[in-house]
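Listed in Swiss-Prot:
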type	residues	note
TOPO_DOM	1-76	topological domain 'Cytoplasmic'
TOPO_DOM	98-110	topological domain 'Extracellular'
TOPO_DOM	132-141	topological domain 'Cytoplasmic'
TOPO_DOM	163-175	topological domain 'Extracellular'
TOPO_DOM	197-244	topological domain 'Cytoplasmic'
TOPO_DOM	266-277	topological domain 'Extracellular'
TOPO_DOM	299-318	topological domain 'Cytoplasmic'
TOPO_DOM	340-354	topological domain 'Extracellular'
TRANSMEM	77-97	transmembrane segment
TRANSMEM	111-131	transmembrane segment
TRANSMEM	142-162	transmembrane segment
TRANSMEM	176-196	transmembrane segment
TRANSMEM	245-265	transmembrane segment
TRANSMEM	278-298	transmembrane segment
TRANSMEM	319-339	transmembrane segment
Amino acid sequence: MATVVMEQIGRLFINAQQLRQIPRFLESAFPKLPCTVMVSDVPWVFRESHIITGYRPPDQNWRYYFLTLFQRHNESVNVWTHLLASLIILVKFQELSETVDFLRDPHAQPMFILLLAAFTYLGCSALAHLLSAKSEISHYTFYFLDYVGVAVYQYGSALAHFYYVVEEEWHAQVRTFFLPASAFLAWLSCTGCCYGKYASPKLPKFVHKLFQVVPSGLAYCLDISPVLHRIYRCYSSEHWCADQAVVYHCYQVLFFLISAYFFSYPHPERWFPGRCDFIGQGHQIFHVFLVLCTLVQIEAVRLDYTERRRLYEHLHGDLAHDAVALFIFTACCSALTAFYVRKRVKTYLEEKQE
């Protein structure tokens, strides 16, 4: 008996010794990263209004920037909010694929496009905030990729709203132009953001913001119109609105408007410079509410897909295939535009170094 006890104690001692080696192992696996730096230590293009500390030093190797996923810096919250949200979208897709036949049901394709578009914009955004600090050309490249993701999501949202959410009366008003106009405005949004970023050294801050906000605002006004009409119809009827999907659509609009405010205005860091460098930035709040908007939007579309099938089959017929083709066309045009503007940026940076 004593021998058995001693063996158990010996094993515990060995396990304790192994546990002590874990921090050393983690330190070797994740080497100590350079400390973050002040705003004065990074080039102008990396600087954010009213954010003073927490910048990552440029011109490090790629491994460093990937490992900063686990470091505290002023982009950490921005990276993790959209990274975690993109994983939630994958889980949502897996859950929906158990009951929805995305391959053989053409009427499920717009919902698949919405899920793909949401995952794309969230993934591109997470990459931009994680890797853009490496160099000036990396900064422009990854944010242009982010803008392509935004354009893709804008069209994906427009398609889902038009296909599943629209009422018959509104469909009759907009059916001839809604999807082509949504595709054009999505591309215009990408173009405006890319050009605004490219020309930002020569533009006042508010003009740079206008290039981002105005095209996206126009796109949103069109894309959300089926949702607003549906909400109006539901709550203006004589009977109390009992449509659960409409409740989710109301939250979708509310969360988007809150996110748009914090995207447009640098609050609260403007009121407390240096106090919101790591957490509490307006852009971080924008990320959180945009994620909430996307998640309730997907839930609303799921309900509409399930409960309004007779209506959208009657309204759209075999439109889904054309809508998917337009999605691919919009994504390609946006990507080509971003590639062209990146080429202009690269030429500009090379001339600046000479």
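Cβ coordinates are placed from backbone N, Cα and C, and glycine is handled just like the others.
Long-range contacts of the topological domain 'Extracellular' (266-277) within its own chain (CB-CB distance under 8 A, at least 6 residues past either end) are made by residues 49-54, 74, 283. Across 142-162, 176-196, 245-265, 278-298, the stretch most heavily in contact with the transmembrane segment (319-339), judged by Cβ pairs under 8 Å, is 142-162. For the topological domain 'Extracellular' (266-277), the model's pLDDT averages out at 89. Proximity of the transmembrane segment (111-131) to the transmembrane segment (176-196) is not established, fewer than 3 Cβ-Cβ distances being under 8 Å for residue pairs spaced 6 or more apart.
Sequence-distant contacts of the transmembrane segment (278-298), counting only residues of its own chain at least 6 positions beyond either end whose CB sits under 8 Å from a CB of the stretch, comprise 48, 51, 53-54, 72-74, 76-78, 81-82, 85, 88-89, 92, 114-115, 118, 122, 125, 157, 160, 248-249, 251-252, 255-256, 258-260, 262-263, 265-270, 272.
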